[in-house]
Amino acid sequence: LKDQFDNLDKHTQWGIDFLEKYAKFVKERIEIEQNYAKQLRNLVKKYCPKRSPKDEEPRFTSCIAFFNILNELNDYAGQREVVAEEMGHRVYGELMRYSHDLKTERKMHLQEGRKAQQYLDMCWKQMDNSKKKFERECREAEKAQQSYERLDNDTNATKADVEKAKQQLNLRTHMADENKNEYAAQLQNFNGEQHKHYYIVIPQIYKQLQEMDERRTIKLSECYKGFADSERKVIPIISKCLEGMILAAKSVDEHRDSQLVIDCFKSGFEPPGDFPFEDYSQNIYRTISDGTISTPKQEGTRNDSKTTVGKAKGKLWLFGKKPKPQSPPLTPTSFYTSSTPNGSQYPIFSIEPVHYCMSDIKTGKPRIPSFRSLKRGGPALEDFSHLPPEQRRKKLQQRIDELNRELQKETDQKDALIKMKDVYEKNPQMGDPGSLQPKLTETMSNMDRLRMEIHKNEAWLSEVEGKVAARSDRRHSSDINHLVTQGRESPEGSYTDDANQEVRGPPQQHAHPNEFDDEFEDDDPLPAIGHCKAIYPFDGHNEGTLAMKEGEILYIIEEDKGDGWTRARRHNGEEGYVPTSYIDVTLEKNSKGA
């Protein structure tokens with residue numbers, strides 16, 4: 001390889017190019033890992049629940065498992081970022097630094113080789129010049145000798161010419177000897193330098209280039225290993241992430257999810273009771289029976305059976321269209337007696353079919369807004385009376401718990417302020433005790449306000465729980481009465497197996513037959529209690545809102561309840577909620593009769 005300097009130059013350049021090519025490969029792999037991790041994080045962010053702290057959506061086990069899987073996937077994305085960071089620091093960064101050092105070292109070695117070659121070429125030129133000069137002087141000396149011999153043999157030549165030619169010959173001969181000595185010295189010097197060049201300098205430079213190339217190969221091997229180690233280091237953590245996903249999948253409990261659905265949508269309403277048998281053949285049997293004992297029929301106190309059936313059909317379906325009921329006359333609640341074979345009497349309550357069903361539902365349900373107003377997205381009431389009993393009880397209990405926690409915080413803060421005030425009173429240099437009085441007063445005020453809120457919500461909770469307990473007792477008693485009177489009741493009165501023992505009376509009437517109807521009545525529009533003028537335009541894109549233009553006049557049918565929304569109606573009957581701050585409201589003096 002002593003004469004392959006140019007080939008070694010090309011080979012070392014190819015080695016550096018290959019090193020940079022592999023570094024570029026690692027860089028692209030790092031970009032892939034970073035983009036993959038970024039896309040995974042965006043995917044997790046996209047499907048993560050965006051719930052506010054007050055969101056109380058039921059946490060089903062399937063949802064929790066999915067959220068856990070998202071968390072594990074987020075950790076997995078973090079491990080991909082660790083792989084990219086490790087590759088960038090341990091492989092790519094090291095390759096780029098080593099490539100820079102390798103280029104510098106290669107350049108230095110090649111420059112040394114070129115300098116050695118240039119020095120050898122210079123020695124050769126000096127030797128060649130001395131050789132050519134020696135050759136020229138020898139030819140001149142030969143010419144001078146030939147000229148001297150010719151003149152010396154010429155008899156006609158003068159002695160001065162011969163002497164001159166002799167002197168010229170001596171001069172040329174002396175110069176040729178000097179050039180000969182110089183040529184010999186240059187030749188010896190060149191041979192020495194050439195031997196040194198090919199046996200000492202160049203081999204040493206080639207050895208350095210060889211060592212450099214071998215180090216490059218070793219560095220590539222180390223980078224290959226580091227490339228794999230970067231991936232292998234995160235495999236245990238990635239395995240844990242996958243195990244976490246499997247555990248999340250195993251944690252799904254279908255029975256628990258079903259129970260959550262039950263708890264979430266449990267309303268506390270009672271199902272309608274059974275309709276009693278309506279015996280329309282009573283009149284026929286009384287007409288043809290001779291021994292029937294009954295009270296005279298009281299007209300005006302008993303509803304016609306056809307009217308009763310019609311009302312029952314109209315009231316049975318709560319979401320259907322309901323005809324306007326006629327208020328029956330109010331009569332005292334009555335019951336009938338029936339005799340047993342041993343002569344004792346026991347009460348049998350007369351249960352009108354539709355009122356029995358409707359009262360059973362009504363006693364277990366607070367008065368709520370109409371379904372149409374709920375669908376429009378009406379404002380939620382403070383006492384949650386718009387919710388079913390069971391859900392209302394849960395909401396009130398949650399609010400009481402939150403208020404108790406806030407009250408405990410305020411209590412702790414009050415105790416801390418009192419202690420600090422005592423410290424200030426004992427050590428005035430630490431602070432002014434009077435500066436804490438405003439904060440202490442504010443804390444006491446907050447505690448009183450929270451106690452009032454807790455008392456108010458506990459009263460609502462007691463009301464709900466009392467209604468639930470009363471409904472449970474009433475359902476128990478109605479079940480007993482149903483068993484006692486089964487097969488013995490009719491819409492018009494009680495009867496026994498013996499037709500002669502039957503006692504007739506007016507049907508039982510409810511004190512407020514139309515109260516339940518008013519809860520679901522939404523056919524008639526609400527009366528206007530005032531009017532308003534739109535100060536600003538409102539688009540009304542949300543469900544339940546009403547769009548309006550600036551300067552538009554609307555009717556007010558429901559005031560602002562403190563939530564910033566007022567219910568209004570257009571002239572064409574369209575209703576909805578508008579922002580209170582966007583309108584100028586004018587209420588009538590006699591709003592109830594407006």
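Cβ atoms are placed via backbone N, Cα and C, with glycine included.
Keep in mind that TrEMBL annotations are predicted by a computer and have not been checked by a curator.
The feature coiled coil, as given by TrEMBL for the ranges 124-168, 304-348, sits at 124-168. Residues in the domain 'REM-1' (386-463) partition by DSSP class (helix H, G, I; strand E, B; coil) as 72 helix, 0 strand, 6 coil. Mean model confidence of the coiled coil (124-168) amounts to 87 (pLDDT, 0 to 100 scale). Nonlocal intrachain contacts for the coiled coil (124-168), taken as residues 6+ away from its ends with a CB within less than 8 angstroms of a stretch CB, comprise 175-176, 178-180, 182-183, 185-187, 189-190, 194.
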